[in-house]
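Please read through the structure below; I'll follow up with questions.
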């Protein structure tokens with residue numbers, strides 16, 4: 001056996017020197033001086049808050065995107081020893097000595113640097129020449145906007161890295177010749193992982209993920225029609241692609257949330273956006289209040305009822321010693337009975353007693369008489385002893401609905417109508433017991449069939465600007481505004497009013513513990529992230545998608561408090577202009593070839609046409625799916641939202657130039673002329689990069705005259721400070 005081994009054992013490897021060089025240059029341009037400035041730069045003030053909460057393991061929700069991107073930034077901070085103690089209250093605030101600035105910024109900078117060689121590799125996988133791939137990588141290397149976005153604690157460079165890695169990995173898998181090669185399947189798995197990471201960083205990654213799925217579906221459909229492959233081989237291929245590109249990303253996406261929820265187990269500032277059950281699963285906050293509460297609601301229970309809806313804000317069923325005005329400002333009359341509202345703060349007036357209509361007892365019997373789905377109850381306000389009531393009187397702000405009040409007997413022809421049927425919406429059986437926190441309950445008025453509901457309107461000053469509660473006869477389907485759950489709960493023991501008031505002011509301490517499953521927490525958190533509408537506001541540097549294509553706008557990221565040193569998100573104007581021209585040229589060329597083919601005129605070989613089509617799908621499609629959706633988005637937009645689309649447009653420019661050189665220009669003199677134009681364009685891009693570098697890196701400081709000379713567009717906002 002030993003004699004069969006030939007010595008010496010050698011390993012041969014190939015090194016792409018050009019790839020190494022552009023990777024090194026990418027690292028230099030992105031990593032150089034990332035400690036500067038030693039101050040908060042633009043959206044670092046936003047992401048820094050979440051990083052601090054990760055360090056303190058405090059729960060938060062960010063409706064702008066999934067948690068994976070925040071976890072990546074937090075990882076860098078953790079490796080640098082950041083303890084989370086910093087007040088992220090303004091742009092330009094100096095970082096304190098407990099913060100290692102480079103650690104906050106190093107992961108985005110590394111991701112941005114690796115985008116340069118990934119651009120090279122992606123062009124190679126698109127069957128472009130290495131010269132074209134080198135040209136594309138040089139354009140990415142000298143793109144000022146990509147450099148600026150990579151050098152700070154921001155997420156766009158991380159998103160772009162995963163997008164390029166996903167597409168490059170898939171194309172490498174597709175281009176591999178051997179069907180059973182382990183390396184080929186490794187690239188497919190890497191593509192699926194990258195897709196999950198891209199979506200996990202920002203929801204924008206979903207656009208490119210869908211594009212990749214469409215491309216993979218087309219290739220799979222072609223494979224199914226390949227009669228040279230056996231049915232077993234085709235089945236294995238289809239299953240493998242489905243597992244890698246569909247199942248794996250979903251599992252990883254769930255994994256991001258699992259890690260997020262495992263890390264953030266302390267109560268935090270965003271708790272009230274979540275359900276009572278979710279809040280009770282966190283340490284501190286509501287969990288501290290609800291710990292030890294009875295699980296099952298009984299006659300005599302003292303409860304607070306929280307609206308399932310968090311719009312406009314989370315709130316609790318509430319009443320107080322103030323009546324509805326006899327007449328409203330519009331002349332309509334009211335019952336003049338006690339106001340019932342929904343109050344967005346913890347308050348003793350949020351407590352209600354669940355009473356048996358057939359008894360006078362206001363305490364829990366022994367054993368407790370539990371309330372089940374379909375039971376009839378009365379709700380007595382704990383502090384004022386008024387019964388929850390509704391009747392055929394128009395509500396103050398919602399005249400199509402009934403007024404809800406605390407009943408006062410004025411000896412007029414308006415009898416009490418205070419019986420309510422308990423309907424447990426999420427019940428598993430018709431004998432389900434009403435449970436604290438867990439049960440989602442609809443309270444249906446017995447006399448009128450109206451559902452107790454939060455209207456969402458705010459009452460005027462006479463109602464202390466609290467939220468209106470109404471009885472809605474039309475609420476026949478599931479609506480969160482008509483669902484309530486018991487949040488705080490105790491078994492009442494005091495029959496006398498004064499003793500009961502003291503009891504309502506005291507905390508509960510009965511042993512109770514209930515935890516939500518991960519899937520229940522994930523679904524609730526995901527729904528909140530998707531349903532909470534981000535506030536659309538006007539920002540000094542916000543812009544519209546029409547301003548991005550030709551870079552008619554910029555963003556001032558940081559300004560030195562006393563000098564002309566400043567950092568801007570501003571792109572290489574030459575690259576942006578040429579890339580836009582390249583997009584138009586590609587569209588014209590593609591349409592021209594398509595029409596010529598329809599006329600049975602073959603200007604280019606079939607293989608070239610397929611390659612051009614694939615370039616159009618990947619690069620042109622990548623630009624379209626990362627740009628066009630912003631026209632229908634209702635959110636505040638900034639120039640950095642265009643950067644993923646810009647990447648694909650730059651890559652498309654390189655492919656267009658190769659196609660012109662190899663297939664359109666027939667004469668060597670024309671090709672030589674194009675070569676000269678390309679060299680001049682590349683030199684102009686370098687000059688533009690150098691000229692704008694002080695605005696990209698923030699140094700060296702320029703004089704007011706030098707800054708004025710960089711004001712190449714009237715729409716650019718560059719600060720000129722005159723000493």
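Cβ atoms here come from the backbone N, Cα and C positions, even for glycine.
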Among the residue ranges 550-572, 573-595, I'd like the one that TrEMBL describes as transmembrane segment.
573-595
Among 68-88, 131-151, find the range that TrEMBL records as transmembrane segment.
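The range carrying the transmembrane segment annotation in TrEMBL is 68-88.
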Mind tallying the domain 'MIR' (294-357) by DSSP state, helix then strand then coil?
3 helix, 30 strand, 31 coil
Just to be sure I understand, if DSSP states are collapsed into helix, strand and coil, how many residues of the domain 'MIR' (368-425) fall in each?
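With helix first, then strand, then coil, the domain 'MIR' (368-425) has 0 helix, 26 strand, 32 coil.
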